[in-house]
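Accompanying notes for the structure given below.
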Amino acid sequence: MVRLNHAASYFMPIFCSTRPHIVILSALFSISLFSLFYASSELLLHQYDDPLMFKPNSQDYFRTFLLGLFSPFLYYFLKTFLFNINQRFLILNLIVDFPINDVFMLLILIGLAYPQVQDHEGGTIKHKECSWHIIPRQAYIFGISWALGEFTICIIGNLFNYQEIADPNINSGFTHQESANTYCNNNDMSHNDDCGCSTEYRPNVVDRSDITLSKCIEVRNDSSSISNNVYSSEYHPIKPLRSSSSTYGSIRQQPHENKKQLHVPDNSQDDTIIMMNPIDNSLKLTTLDTGDLSFPIDEEQPILKKSFGYTWAVPNENTQNTTKSFTPIKRFIAFSTAYQLVTGLLLMILVVGSNIMLTIGESLILSMYFVYVRGHEGLFTPVVNYFGSRTISNFILCVIIPFISLNFLINTSIYLRRELDDWFNNSQGEFEDDDENTISKRVATNQEYQHPLSANYISMDSPDVINSSPGHFGMNSGQLLGNTTLYYGSLNGDDDDMTNDSALLRFCKKLVKNWRALARNDSFVLGVMVSWSLLVFVTGILSTVYI
């Protein structure tokens with residue numbers, strides 16, 4: 001995705017709510033936020049009071065807006081479709097989203113500063129010297145437009161990655177499933193499959209005496225047949241007596257008129273729409289992430305954990321049927337109070353506003369060298385005059401490389417820990433202290449953990465492992481990835497502070513341990529995010545804008 005996607009959990013729930021007024025309110029607040037930053041650009045100097053300086057007009061600003069808005073789309077296209085970078089590779093995605101993305105932004109800014117010949121007042125004076133030049137207001141608008149493009153990509157790309165569910169403790173609000181159940185209750189009770197409802201929620205739809213094993217097997221075979229669902233153009237479903245399996249995969253309700261005949265082929269299929277369910281269909285073999293779709297949220301009591309300012313429903317590890325794999329669909333509890341809604345809106349403003357300030361500051365810092373024009377030093381700040389009067393290589397070594405590296409390190413320290421927790425622990429919530437008892441319990445409960453990347457994972461209770469020699473544990477690289485002990489550290493905390501380690505190594509271990517503890521807290525993530533964005537924004541303004 002884009003850089004903002006690493007913090008999407010802080011604001012996507014308000015855009016994925018099932019209540020339209022919350023989504024509309026969120027959209028209005030986000031539009032107002034970007035409009036406020038665009039309006040703030042009027043405070044900057046529109047053009048220099050010098051007849052020989054480049055004076056951008058409305059077309060130049062429109063070109064700046066278009067370059068800033070659509071460049072993230074181009075970068076996203078190259079990243080996703082051309083290079084096909086998988087979201088599973090966390091470190092690689094951080095490298096692509098920050099240092100490489102900053103270099104790409106620098107290239108676009110260089111193209112924006114390309115020399116232009118301009119006719120001056122009266123057409124008598126021509127611009128004799130063509131130089132690379134961009135004014136700070138152009139870089140400012142470019143940064144806002146870039147943030148707007150990233151925000152648009154993030155919203156569109158995550159609309160189906162978040163799902164709102166009802167609070168188990170509060171009988172208010174509707175989820176998607178409850179809405180479907182309500183709709184089905186208002187229609188014919190014998191056609192439950194057309195609305196997406198199951199007998200689990202409406203137990204009195206079909207008499208239990210009519211449910212037989214053969215009918216269940218027939219429904220299962222009919223739904224799992226590729227020939228009936230995909231390749232056959234003359235699909236005639238079979239209608240069992242007093243059963244709704246004949247309408248599987250269809251939104252069309254078909255009456256059962258002939259009750260004496262057990263199977264009646266239906267030949268009127270011209271306007272029938274076949275809808276596939278990859279969970280109970282043979283098409284689940286065509287995707288690597290189908291296991292993630294089998295999250296039995298309605299068949300178990302999920303664990304509720306608070307994080308990112310919301311309450312999340314995560315699979316219950318004590319349930320045997322729980323799928324222990326990374327789940328891209330994050331389920332959050334619906335808003336039940338006005339305070340929760342206001343908190344979500346404030347989080348959205350804080351995170352999105354921080355990203356806008358970060359991109360504005362980056363564009364101002366990266367374009368600092370091209371603001372300078374020789375012979376007009378009195379129009380620029382001392383920082384612009386210092387770096388602009390020197391070579392481009394000096395600017396790259398002293399400003400570009402240190403800034404890009406520092407930006408990558410800080411953002412990695414902000415997001416990496418939370419993403420590792422989401423990936424390996426199947427959770428969006430807070431975790432207990434990593435004491436010996438807790439880790440031992442996690443090792444025992446996650447002994448059969450299978451990571452999506454480990455296709456050849458060998459379970460510890462597998463006969464191959466049990467029959468292996470005492471010196472062979474049968475562990476492969478995929479099993480090591482899912483090993484909770486390796487992720488959390490040694491079972492004995494004293495092993496991390498061995499006396500024979502050097503002082504530097506002990507310091508690094510202690511630093512990493514403190515970072516792991518801090519990076520789990522939302523206050524740390526939001527605090528560092530806002531502080532760094534504000535620092536970059538202020539640095540860019542003071543360095544390029546002559547106050």
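For all residues, glycine too, the Cβ spot is worked out from N, Cα and C.
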Same topological domain name for T64 and F387 in Swiss-Prot, and hence the same side of the membrane? yes
Which residue, chosen from S225, S245, S268, is annotated phosphoserine in Swiss-Prot? S225
One stretch in 20-40, 90-110, 341-361, 524-544 has more Cβ pairs under 8 Å to the transmembrane segment (140-160) than the rest, namely 341-361
Could you check whether the transmembrane segment (90-110) packs against the transmembrane segment (395-415) - three or more CB pairs closer than 8 Å, residues at least 6 apart in sequence? yes
